[in-house]
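**Q** Copying in the features that TrEMBL gives for the protein in this structure:
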BINDING   A:Leu20, A:Asn27, A:Lys156  xanthine binding site
BINDING   A:Ala128, A:Asn129, A:Gly130, A:His131, A:Ala132  5-phospho-alpha-D-ribose 1-diphosphate binding site
DOMAIN    A:36-156  domain 'Phosphoribosyltransferase'
Number of protein chains: 2
Amino acid sequence: MNTLKDKIRSEGIVLSDQVLKVDAFLNHQIDPLLMKQIGHEFAERFKGQGITKIVTIEASGIAPAVMAGLELGIPVIFARKFQSLTLKNDLLISKVFSFTKQTESTIAISARHLTAADHVLVIDDFLANGHAAKALIDLIQQAGASISGLGIVIEKSFQDGRKLLESEGYRVESLARVKSLAGGEVEFLD
Amino acid sequence: MNTLKDKIRSEGIVLSDQVLKVDAFLNHQIDPLLMKQIGHEFAERFKGQGITKIVTIEASGIAPAVMAGLELGIPVIFARKFQSLTLKNDLLISKVFSFTKQTESTIAISARHLTAADHVLVIDDFLANGHAAKALIDLIQQAGASISGLGIVIEKSFQDGRKLLESEGYRVESLARVKSLAGGEVEFLD
């Protein structure tokens, strides 16, 4: 998606070989028109699949997910993150380890909003090692729902997330695939 | 806003005289079309005011704020919440006490994205005692930016938030004003 790649080139900041900061338009400040274009692109790639719900994770997944939900005409559920969480009725729970923060957190979705009748599109802002995506998939599987695929805004293709997800049979559609951040430069695949 | 009131009546759950649960369409599961209508309504009420940025707080403020930002053609910044936060360069920081959770948290915005040249619309999902709104106003004032007003999706009019904000001269536009939750029934003002 060229609009997104241009935005990454012009406003993304390479903090290290591993870290791309996009808080000017995605992670902190949000460009609503770009989110609409991203939502449209996800809808184009996943339309006609019988998707009934989008599942994402707070906070940065919400904007692209809601725009995709608007295009597809379906609800969005965002998983909540907790530092700790006592078990509650009706909550599906999974764990996710953050490499960036070196902490484990708990994520949860209400079982009332996701059922075995649902066919789900997972949307997230980043795909790196795939830990967050795997935790979302775990929640969806606990609900007995099926998964159409994963829509990712920015994929760090030099990490193992895509390989891991594809090896388990999941379709991954990433709108920008970053091959390398070496030397402070963003290099894309394709 | 009648569409919103109808949605609250049909899908909101009154948990107590103080607590209205709207996680079926706003706080956990999100209805994207309703968010678009909410964004349109905020834009109608605040257009022509020279607003340059919307400021909201993660996570539930993001969807209505991004839709309003799309309508007004301006960026959205969402304040991040932290349980604790070591001081960092370029971060504006404030504290907010949550009555619901009985905990104090820190919220922050990057000073790079908000300047004295900005004229800000604050958007949030709920207005109760006004603590979160006041913390957002504090951040905006630290940046030296001016404030056009506050757009609230659901106001608990039986709590003091609006009175507090209006006493300090701020314009408050709430799309649904809940007068009472007594007896398990939602009663609206107007």
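Each Cβ is built from the backbone N, Cα and C atoms, and glycine gets one as well.
Surface or core, plus neighbours and distances: that's what I need for these features.
**A** All protein chains included, A:Lys156 (xanthine binding site) registers 23 other Cβ atoms within 10 Å of its own Cβ.
A helical conformation is recorded for A:His131 (5-phospho-alpha-D-ribose 1-diphosphate binding site) in the three-state DSSP classification.
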**Q** Can you tell me how many other Cβ atoms are located within 10 Å of the Cβ belonging to A:Gly130 (5-phospho-alpha-D-ribose 1-diphosphate binding site)?
**A** 22
**Q** Please list, in sequence order, every residue of the chain apart from A:Leu20, A:Asn27, A:Lys156 whose Cβ lies within 8 Å of the Cβ centroid of the xanthine site.
**A** A:Gly12, A:Val19, A:Lys21, A:Val22, A:Asp125, A:Phe126, A:Ala128, A:Ile154, A:Val178
**Q** Might you list, by sequence position, any residue in that chain lying six or more from A:Asn27 (xanthine binding site) with a Cβ less than 8 Å away from its Cβ?
**A** A:Lys21, A:Ser60, A:Asp125
**Q** Please identify, from the binding-site residues A:Leu20, A:Ala128, A:Asn129, A:Ala132, the residue with the sparsest Cβ neighbourhood, meaning fewest other Cβ atoms within 10 angstroms.
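**A** Checked A:Leu20, A:Ala128, A:Asn129, A:Ala132; of these binding-site residues, fewest Cβ neighbours within 10 Å: A:Asn129.
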**Q** Including all protein chains shown, what's the count of other C-beta atoms within 10 A of the C-beta of A:His131 (5-phospho-alpha-D-ribose 1-diphosphate binding site)?
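**A** A count of 17.
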**Q** Counting each residue once, how many in the domain 'Phosphoribosyltransferase' (A:36-156) are helix, strand and coil under DSSP?
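**A** When I sort the residues of the domain 'Phosphoribosyltransferase' (A:36-156) into the three classes, I find 37 helix, 48 strand, 36 coil.
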